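Undergrad: As listed in Swiss-Prot for this protein:
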type    : residues                   : note
BINDING : Cys70, His72, Cys89, His92 : [2Fe-2S] cluster binding site
DOMAIN  : 29-135                     : domain 'Rieske'
Amino acid sequence: MSRSIRNQDVPELPRRRQVRTVGMSGNYWYVVEIDGRLKPRQVKRVRFWGQDIALFRDAAGELHAVEDRCPHRQLPLSQGFVEGGNLVCTYHGWKFDGCGRCTEIHHELGKGRTRLPRIRIRTYPVKAQWGLIWLFPGDPALADGTPLPTIPQLEGGRPWPFFPIDVTIKAHFSMIVENVCDFNHEYLHRHKRPFLQPILREWKQDADSVRVYYDTRFDGSPVAKLFMEGGARDLNEIEIWYQYPYQGSDIGGKYIHWLFMLPEDERTTRCFFVFLFGPIHVPIVNWKMPEFLRKPILWFTNKWYIEPLLGEDKWALELEQDGFERHPDAPQIELNPAISSFQRLSLEKWKAYQQSMERAGPKPAADPA
């Protein structure tokens, strides 16, 4: 479906309250951590829509993800430690391997037993790609057949360098989708000026994505003036997508961003931003930046400009979440007709996921091995 914004009525959004409570489908790969932050023999707790998961690397550096709950006394396994290939509960010393099996019990009632308790905690498919750790929280049988997003700039012999930005926002993921896809909040960034005078040209929706197209200017930001080719004066449009459950944008094939959201609960979303810069130029002379300077410049740009810019969105979104909780039944006047498409897609995907779980039936937290 493709629609122009011409002659469109301002839509009513009766689904607003509903979309602020749904989760995301577990049958996709989600970024749960930056790869370099989890060293061998380390364990961390991550969360997907109320599911606490212990993410750890064994002594050999292999990734594992298990339910963050020792079946003995229900303590979080993420409070324990890694020993060899096992995750050890810090309370009684019960050990679990990466397949979720109990491999050893430390105390005298467990030592020397020829048969350990036949229990197995839930495990999750997990892998590292592009410097990010991805986890599949849904039906594990679907993991191998579910692809990661296609990012050609990160493939091949010379992938574009980047430094991922990790931001936790105390807001529902649907608010974040609307924020990053709706350029009508230009006023919030009136001092940093990342885009100017945006005009929504059209939007398209299919079963898995919504794409919006804006005419806008990018030559107002200091990053554009300093490092973008020609000060970005020849760039005047952007394509933005909500390719469920991922979000991203493309400015002329030269400057691209991806947002990988990890919905922790109804009011908390961990966001992993990836900003990909193609041509970067030396200020004033407008020469192509030498390769050895690209990474330092990208790191500097993140710290000096992009992270403070995202901080403005975080501030506004957390206030929006607070306002929604205080006034959940207040009518919302929405002028951007594409917003209803984002909300509809989130609702449809969540409904389909719930139906798939109902067909599969309930699964016990700890199954017989």
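Each residue, glycine too, has its Cβ placed from N, Cα and C.
Context for these features, please: burial, neighbours, distances.
TA: The Cβ of His72 ([2Fe-2S] cluster binding site) has 17 other Cβ atoms within 10 Å, all protein chains considered.
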Undergrad: For the domain 'Rieske' (29-135), jot down how many residues DSSP puts in helix, in strand and in coil.
TA: 6 helix, 47 strand, 54 coil
Undergrad: Centre the Cβ atoms of Cys70, His72, Cys89, His92, go out 8 Å, and tell me which other residues of that chain have a Cβ in range of the [2Fe-2S] cluster site.
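TA: Neighbours within 8 Å of the Cβ centroid, excluding Cys70, His72, Cys89, His92: Pro71, Arg73, Leu75, Tyr91, Gly93, Trp94.
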